[in-house]
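*Asks:* Would you mind keeping the following structure in view while I ask a few things?
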Amino acid sequence: MENYKRICENVENARAKYRSSDENIDIMAVTKTVAPEKINFAIEQGITLLGENRVQEYLSKKDSYIKTAQVHMIGRLQTNKVKYIINEVAMIQSVDSIKLAKEINRLAEKNNRTMNVLLEINIGDEASKSGVAADELDELIYETAQLENVRIKGLMAIPPAGCGEDMFDRMHSIFLRVKERSVPNVSMDILSMGMSGDYELAIKHGSNLIRIGTALFGARNYLEG
Ligand SMILES: *Cc1c(COP(=O)(O)O)cnc(C)c1O
């Protein structure tokens with residue numbers, strides 16, 4: 001797959017330019033509307049991380065996936081759908097309310113596991129986007145950190161397309177600020193930020209998990225999806 005090779009090269013170049021050599025940057029393949037054969041081909045090329053947006057779509061496709069890749073939920077997640085994925089994903093990146101965190105905790109406990117989560121910030125303050133407002137993050141961290149079967153592993157954001165660098169920089173500052181505080185039960189290991197159009201910029205500003213759809217698989221066809 002040419003696309004994957006090119007992305008790896010770009011990531012490596014951005015890492016060499018902006019980051020230290022011991023920092024790892026993970027490339028997630030975002031699978032929405034993509035056929036399982038294409039996803040499996042990406043896994044054969046070296047992809048180890050898949051990002052799912054839609055519960056229903058994922059459940060209908062997952063049995064066709066090669067099992068070696070880890071799957072994260074990255075899309076808006078309704079509380080009443082957590083039960084379908086609690087044992088089907090390794091991480092939920094789109095936690096943006098205490099209500100959702102509590103339901104994840106309840107079902108994780110019931111299923112004898114802990115769930116790794118990222119807290120999603122609506123960094124662009126866009127009405128159409130999910131994510132907690134930046135000034136409500138501390139409260140969400142504090143409340144979520146009390147939940148025994150949930151582990152906060154970092155932050156996720158979708159900076160608005162073409163928003164410019166300060167928003168990426170702001171997100172990085174928030175991430176570092178939380179990290180410095182060392183809240184119990186909270187480890188700021190992952191900053192999930194950057195998509196097809198802006199992943200190099202995201203890497204420049206501290207991202208260590210980029211989520212790539214179209215640059216890897218081509219334009220999405222929503223009619224098929
Ligand atoms: C679709 C999507 C992506 C990937 O977007 P591309 O621009 O196609 O790379 C990344 N993150 C989330 C949350 C998405 O919904």
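Residue 1 is the first one shown; counting continues down the chain.
Each Cβ is built from the backbone N, Cα and C atoms, and glycine gets one as well.
Look at TrEMBL and you will find 5-220 tagged as domain 'Alanine racemase N-terminal'. The N6-(pyridoxal phosphate)lysine feature in TrEMBL is assigned to Lys32.
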*Asks:* Restricting to the domain 'Alanine racemase N-terminal' (5-220), report the mean pLDDT as a whole number.
*Replies:* 97
*Asks:* Where does Lys32 (N6-(pyridoxal phosphate)lysine) sit in the DSSP three-state scheme?
*Replies:* coil
*Asks:* Can you count the other CB atoms that lie within 10 A of the CB of Lys32 (N6-(pyridoxal phosphate)lysine)?
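*Replies:* The answer is 17.
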